[in-house]
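These notes concern the structure reproduced below.
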Amino acid sequence: MQNALTSICIVGGGTAGWMAATLLSSALRGSKIQITVVESPDIASIGVGESTVPSIMDFIQASGIDLKEFIQATSASFKLGIRFDDWSTVGQRFFHPFGRVGKDINGFDFYQAWLKSVENGDESRWLDYSPSAIMAEQQRFMLRPRQPQNWVLASYAHALHLDAVQVADYLRGLCLKRGVARTEATVNKVKVDEKSFIQGLELENGASIHSDFFIDCTGFKGRLIQEALQVGYQDWSDYLPCNRAVTVQTENVGNPVPYTVATAREAGWTWTIPLQHRTGNGYLFSSGFCSDDKAMATLVNSVRGKLLSEPKVIPFVTGKRNKIWHNNCLALGLAGGFLEPLESTAIHLVYKTLVHFIRHFPDRDFDPDNEHSFNQKIDTDYLEIRDFIILHYCTSGRRDTEFWRWCQTMPVPDALSEKLRLFRKRGQMEHSPGQFFTSDSWYAILEGMNIRPQKYHPLLDAFHPQGLASTLSENRQSIRTEVQKMPKHYDYIQAHCPAR
């Protein structure tokens, strides 16, 4: 191809920058495109994204990474979902598991069949049919063994808890072995032409870098996409008022569990992310309802284990750039946008952005229709995740603080309002191809918030109650029996992939 790209410059290291270099070095293997990462020694990574979702496994596979080596190098533990404490009301908890919950019965969604069974007097929990939830409950884990497709636990899925700094270090080393170039320098100036294309970078050491395409991984600042190209930003604070986070690392107390814990607090929520060598903690809150000092005290008083770092406050504005891709610049990670980590989607959005970019990979003509198609797809991804996060706030039953009372009357996007209206009537939850959160994810949050539909599907009345009850009872017992055969989560890690 005459107009093929010959060079890509990634500005900024950290998790996003080195993920980009890793995936692109794999996808572009055999091409003559030179990948360069410009990494400043003066700018520390924020280190977000220590808790992930199952797409991290897709990234690892697509990048040609050895899973065991990656886990050992990043002090990772396994993650089967998220436990939500005190979200519906204080004292109640629920679980959002990865993977499927139950199996469709005669073409009907399992959730509908379970609702019918509950109507008949069944006292089982919906999560009793989730392999991931039962594994998490019993703190058991093993990587998927070779089993037939009808294995009762076949639908479980998992992600990882990661040390973000160690992830960047590991990926950097891998990329350098693959021939990715690294320049350690701080960008002094971004040169832009009259058509709003980036021509090159001037570095503080006096050197210049020219490239066909640039990937902005400079964090919230957006040195390229915003400061140079001025694409603008969509502020979603009206929907999601939390605008600050305080973080701290602590020593582990006990063995790491295979799930993240998200606990609702007076003016937001705290997270607990267990790694092999430490625990990551944070309090995400709204400055309109809580001061930095009070948030810091709340977090420090809630953690277990000795503090390993000084608490750090991080301000942010929820939202995204008006364009994630503009001309010859792609914004990645925090440079592209920020959605609070309630569902651990930061690294997922980095990966998804890169997947869309590779599918829309440009030449030097930079077709605007190709760019527009990409931006439409990534916009849809951001909006889906935004609305799913809003779901946790607008359906909470808490009214005990000013923050949670605000959530009772908070603005809700029209698409989410309609989705909830249809669900409340008949439990309908449409899932479109390409959407990240499945119907089961929506059911998990709504069930956890004690919200059930008024009716189940009427054709389920044709099911014999005893036959349905027998099928469900056999299914949940089979899950528990198989889970009992698994090793404990921590024992499995120590036997197969202990941190180096």
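Glycine is no exception: its Cβ is also placed from the backbone N, Cα and C atoms.
Quick look at what TrEMBL annotates:
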ACT_SITE  Lys79  active site
BINDING   Gly13, Gly14, Thr15, Ala16, Val187, Leu334, Ile347  FAD binding site
BINDING   Lys79  7-chloro-L-tryptophan binding site
BINDING   Glu343  L-tryptophan binding site
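For Val187 (FAD binding site), the same-chain residues that are 6 or more apart in sequence and have a Cβ closer than 8 Å to its Cβ are Val11, Val38, Ser40, Leu201, Glu202, Leu203, Glu204, Thr218, Arg223. Under DSSP, Val187 (FAD binding site) is assigned to a strand (E or B) in the three-state scheme. Using a 10 Å radius centred on the Cβ of Gly13 (FAD binding site) and all shown protein chains, the other Cβ atoms total 26. In three-state terms derived from DSSP, Lys79 (active site) belongs to an extended strand segment.
The binding-site residues considered are Ala16, Ile347; of these, Ile347 has the fewest other C-beta atoms within 10 angstroms of its C-beta.
Summarising the FAD site geometry, the residues cited as binding it (Gly13, Gly14, Thr15, Ala16, Val187, Leu334, Ile347) extend over a maximum Cα to Cα distance of 24 Å. Here the Cα atom of Ala16 (FAD binding site) is found 18 Å from that of the residue listed as 'L-tryptophan binding site'.
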